[in-house]
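Q: A single structure is presented below for examination.
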């Protein structure tokens, strides 16, 4: 029989979150619910998570308490004048956020001991110089308890006077500690609590008190008498961690209103204090109202759900590290809490990694920082099977009543050992018992994996309950088998005595060899395309030309270049027929660009076939690439990243040549015309000379002939 109890959960208190608008019926703070459920009971079995949903909804018009804590050292004199009218103005602005707003006021200066202040009698009465009238120095003073009367705030703050001290850092941490822990004096309610810390200087922290001879650590308790901190000379300043703890315990959100000079310091402090904000204060605090509103919105912004865990009781075996808490946000959002009504769901998962002593229940409280509401989780533990309560004492099965028989095994009485309590721890010699616990007369008892109890090996237990030793001599285990893919027996079998017992359709030492041939089936329904054998679900190609998971790819076969031309063109150069569908159609290979053709892989250099390709695009440009399937059966393309385009004509020489040609042709035509004219003229002149000679011959041959008579208008040459 196997008994396997499981955990369970029960919602004990599940009040619905409050859903109301501003201006609706006014509710008391304790009547407002922002987190659901409020109490849950979880029954945990080790290693088995229990989860439940947690709803958070920020209530609109939620009450707010704001305490203004101001540095009243002399450098803040002009600031005090502006703060005196802060009450009514701030009440008016905050009324836009909530109808239930209260404000208080406190002030601080420094510890009242040297070297922080001057302790001469005159300086104790008036620490300021010249004609300045200042009040006596003090550490912290609660001037006004939280009130809804803004005019009272103005009146009491108007009666305050500046004081003074010697050093630049102030004792603000003492004041913050008292504001956090003195709830009754301050008047905090269980609502949103805001602390505005206003200063123009740095701060002292734990250890600085030694300068004044103060060595006792701050005790984190309230020490107000007549609203004045009386133990500043006795306790050191609190540490930052101590301050963070007290602010968180009391759900106080801090707003640091500081001058620009000290912004970096308080920004670092903000990173250490949850739910805090920093605003830049003008030189005279004139912008304090806008600063408070802006910083308030930032500090109450819901970026994530911050949790802390408080334990009512803590057993030494129930340390928080023994539990695994998973807090996951199921709805991601960034919302201003008071601008909307966000409802955010979380899944809280709790897993026990062990049992506390005696299995007693524990309580865990989860609460968002800055809020008073919390979820109480009662943890119950399943540490034993139910059959333990049905044990048979002094059972005959346990060697004549020497033990209690429960859950199928003997729980031996004191002084008895063995599986059936058959041995006495005093009767059997150690050597006799050990002899039967050694395998093959070796020196190792129970293979060093167990203890010899009454001549029988009791195997040791592992930290991981799923891992165990077994066998007569504890020589077997279920976790030392061969692994594949970082998984025991490849995830396809179980480890039995250091040998993998494989699941059906798997074989090999690590069960990593699949006997399923479906992964080797090619598109033509042949195993490995008829060009290889299927080994462990992977094709081993017998023809060296063919590659790929099913021996269907032939990188050196004709047609490979043309087949991949368009995809290479679009991926390498963003052109081609597939440029619009490139990402969809051309993602089946790895593209690697190279600078020149000599950088392309060469067939003799690679350990796998490489096909060289040369293709032309639409612009008559050539591009060069190689196609191959590497040793990892991945398609791999190397491409030259520059196109090889034919050089275009040089326009300038052409134009110059045309012009020169035209000029030369013109000159040639002129020369030809001139030459023809010269030839013509010479012919005419020769003809003229010939006729002239003929005329002379005629005159000589006929002397008696009457000489021609010319008129006054005629000439012999005509």
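Here the Cβ of each residue, glycine as well, is placed from N, Cα and C on the backbone.
Since this is a predicted model, take the numbers as computed values, not measurements.
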Q: Under TrEMBL, the annotation transmembrane segment belongs to which of these stretches: 651-673, 674-696?
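A: From TrEMBL, the annotated transmembrane segment range turns out to be 651-673.
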Q: Please give me the disulfide-bonded residues out of 412, 459, 474, 481, 528 that lie within 10 Å of residue 557 (disulfide bond), comparing Cα atoms only.
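A: Those near residue 557 (disulfide bond) - Cα within 10 Å - do not exist; the answer is none.
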Q: On a simple 10 Å Cβ count over all chains shown, which one of the disulfide-bonded residues 222, 355, 474 is most densely packed?
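A: Highest number of other Cβ atoms within 10 Å: 474.
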Q: Taking DSSP states H, G and I as helix and E and B as strand, how many residues of the domain 'Integrin beta subunit tail' (561-650) are helix, strand and coil?
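A: The breakdown for the domain 'Integrin beta subunit tail' (561-650) reads 20 helix, 27 strand, 43 coil.
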Q: Using Cβ-Cβ distances, find the residues under 8 Å from residue 421 (disulfide bond) that belong to the same chain and are at least 6 apart in sequence, listing them in sequence order.
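A: Same-chain residues close to residue 421 (disulfide bond) (Cβ under 8 Å, separated by 6 or more) are 398, 399, 402, 403, 410, 412, 413.
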Q: Say you check the Cα of residue 481 (disulfide bond) against those of the disulfide-bonded residues 528, 534, 554; which is nearest?
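A: Closest candidate to residue 481 (disulfide bond), judged by Cα separation, is 534.
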Q: Fewest neighbouring Cβ atoms within 10 Å: which of the disulfide-bonded residues 134, 557, 613?
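A: 557, out of the disulfide-bonded residues 134, 557, 613, has the fewest neighbouring Cβ atoms within 10 Å.
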Q: Considering every residue in the domain 'Integrin beta subunit cytoplasmic' (674-713), what is the mean pLDDT value?
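A: Average per-residue pLDDT within the domain 'Integrin beta subunit cytoplasmic' (674-713): 71.
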Q: Taking the Cα of residue 497 (disulfide bond) as the centre, which of the disulfide-bonded residues listed as 134, 476, 539, 541, 551, 613 lie within 10 Å of it?
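A: Among 134, 476, 539, 541, 551, 613, the ones whose Cα sits within 10 Å of that of residue 497 (disulfide bond) are 476.
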